[in-house]
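Features as listed in Swiss-Prot:
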{"type": "TRANSMEM", "residues": "33-53", "note": "transmembrane segment"}
{"type": "TRANSMEM", "residues": "77-98", "note": "transmembrane segment"}
{"type": "BINDING", "residues": "H83, H182", "note": "heme b b562 binding site"}
{"type": "BINDING", "residues": "H97, H196", "note": "heme b b566 binding site"}
{"type": "TRANSMEM", "residues": "113-133", "note": "transmembrane segment"}
{"type": "TRANSMEM", "residues": "178-198", "note": "transmembrane segment"}
{"type": "BINDING", "residues": "H201", "note": "ubiquinone binding site"}
{"type": "TRANSMEM", "residues": "226-246", "note": "transmembrane segment"}
{"type": "TRANSMEM", "residues": "288-308", "note": "transmembrane segment"}
{"type": "TRANSMEM", "residues": "320-340", "note": "transmembrane segment"}
{"type": "TRANSMEM", "residues": "347-367", "note": "transmembrane segment"}
Amino acid sequence: MTNIRKTHPLMKIVNNSFIDLPAPSNISSWWNFGSLLGMCLILQILTGLFLAMHYTSDTMTAFSSVTHICRDVNYGWLIRYMHANGASMFFICLFLHVGRGLYYGSYMFMETWNIGVLLLFAVMATAFMGYVLPWGQMSFWGATVITNLLSAIPYIGTDLVEWIWGGFSVDKATLTRFFAFHFILPFIVAALAGVHLLFLHETGSNNPSGLSSDSDKIPFHPYYTIKDILGALILILALSSLVLFSPDLLGDPDNYIPANPLNTPPHIKPEWYFLFAYAILRSIPNKLGGVLALVFSILVLMLMPLLHTSKQRSMMFRPISQCLFWLLVADLLTLTWIGGQPVEYPFVIIGQLASILYFTLILILMPIASLVENHLLKW
C-alpha cells in the first residue's frame with residue numbers, strides 16, 4: 001500500500017513542497033529565510049485578524065480603539081506589539097532574503113526573482129497602510145506626505161491623489177479604504193508567495209557554490225525541517241524579547257499623539273524599514289525625480305539578471321564583487337541612518353552621495369567588477 005501523503009491530491013502537494021522535496025545538500029542558514037518569511041506572514045495575518053476584531057476605522061475613534069486594545073482587551077497589548085514588531089521582523093527577514101539572492105546569484109531564476117520583487121512591493125504597501133491605521137501624528141502626516149508624492153505624476157497627479165484620498169485631504173474616507181486594503185493585501189501576498197514557491201520548485205533551489213546540485217540532493221524532511229525550526233526559534237526569541245522588553249524601541253513617539261491636521265510634527269519620517277528609500281527620495285531636489293528614484297531604488301532589483309556579466313553565478317569565489325556587495329550593504333545602512341535625520345547640513349550631502357553610490361554600485365561598478373573577474377580567470 002502506498003503512503004497516503006503520496007497519493008492524496010492535497011497531501012501530495014504538501015509532500016512535494018515540504019517533505020520529499022529534493023534539496024541541495026549544501027545550502028546554508030541563508031536559505032532559512034523563506035520559511036521564516038512564511039512564518040512572519042502567518043503571524044501577521046493571525047495577530048492582524050484579532051486586532052481587526054477590536055479596531056474601528058473612523059477618524060474619531062481609531063486612536064481610541066487602539067488604546068482600548070492595549071488597555072482593556074485580554075492580552076491586547078501583546079497582540080498589538082507582536083503585530084507592530086512582527087512587521088519589523090518581517091522586513092529584517094525580507095532584506096536578508098533579498099541580500100542572499102543578490103550574493104549567491106539566485107536572481108538567475110527570473111520568474112521566481114521577479115515575483116519576489118513584486119512581493120516586496122506588496123509587503124511595503126501593506127506596511128505603509130498599516131502604519132496609517134493607529135491615526136497618530138506620524139500616521140496622519142506620513143499618509144499625507146507619501147500619498148502627496150503621486151501629485152508629481154504629470155497631468156493626472158492631482159486628480160489621482162484626491163481620488164486616493166476620497167476628498168481634498170487625508171480624512172475618514174482615506175482611513176477606511178486604507179483599512180480595507182491593509183486587510184486584503186496580506187492575502188494577495190500569501191497567494192503571490194504560493195506562485196513564488198511554484199516557480200522555485202520548477203527549477204529547484206540554488207546553493208552557495210552557484211553550481212548545479214542535481215547530482216547531490218537530499219530530502220527536505222528531516223534535514224531542512226529541523227534546520228528551519230532552529231531559525232524559527234531564533235526569530236521567535238528575538239521577537240519575544242523585543243515585544244516583552246522594549247516594544248516601542250522601533251516606533252516613533254509622535255504616534256502616541258492623536259492625529260492633528262493643524263500641527264505638523266518637526267520631523268516626518270516613516271518606519272525604520274523605509275528610511276533607505278525615504279533618504280533616496282529626499283536626496284533629489286525635484287519632486288518627480290525623487291519619486292522616480294524612490295520607485296527605481298526597488299525596481300532596480302528586476303534588472304539584476306540583465307546586469308549579471310560574470311561567468312560564475314555566485315559571489316562565493318569572486319572577491320572583488322564581494323567587496324562591492326558589502327560596500328552596498330554599508331551604503332544601505334548609511335541611507336537608513338540618513339533617512340531618520342533632519343534635512344540639514346551635513347546630512348543632505350551625505351544622503352545625496354549615498355544615493356549616487358547606491359545606483360552606481362548596482363548599475364555600473366558591480367557589472368564591471370564581474371567582467372574584470374572574468375578576465376582574471378584567464379591568467
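All positions are counted from 1 along the displayed chain.
Every residue, even glycine, has its Cβ placed from backbone N, Cα and C.
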Cα nearest H201 (ubiquinone binding site) among binding-site residues (H83, H97, H182) -> H97
- Is the transmembrane segment (288-308) close to the transmembrane segment (347-367), in the sense of at least 3 CB pairs under 8 angstroms with a sequence gap of 6 or more? yes
H182 (heme b b562 binding site) to H97 (heme b b566 binding site), Cα to Cα, whole Å, comes out at 23
**Item:** the transmembrane segment (77-98) vs the transmembrane segment (226-246): 3 or more CB pairs under 8 Å
**Value:** yes
Minimal Cβ count within 10 Å, across the binding-site residues H83, H97, H182, H196, H201, points to H201
Does the transmembrane segment (113-133) reach the transmembrane segment (288-308) with at least 3 CB pairs under 8 A, where each pair is 6 or more residues apart? yes
Beyond a gap of at least 6 residues from its ends, the CB atoms lying under 8 Å from the transmembrane segment (33-53) belong to 69, 79-80, 82-83, 86-87, 89-90, 93-94, 96-97, 100, 130, 182-183, 186-187, 189-190, 193, 197, 228, 231-232, 235
Rounding to whole Å, the Cα atoms of H83 (heme b b562 binding site) and H97 (heme b b566 binding site) are apart by 20
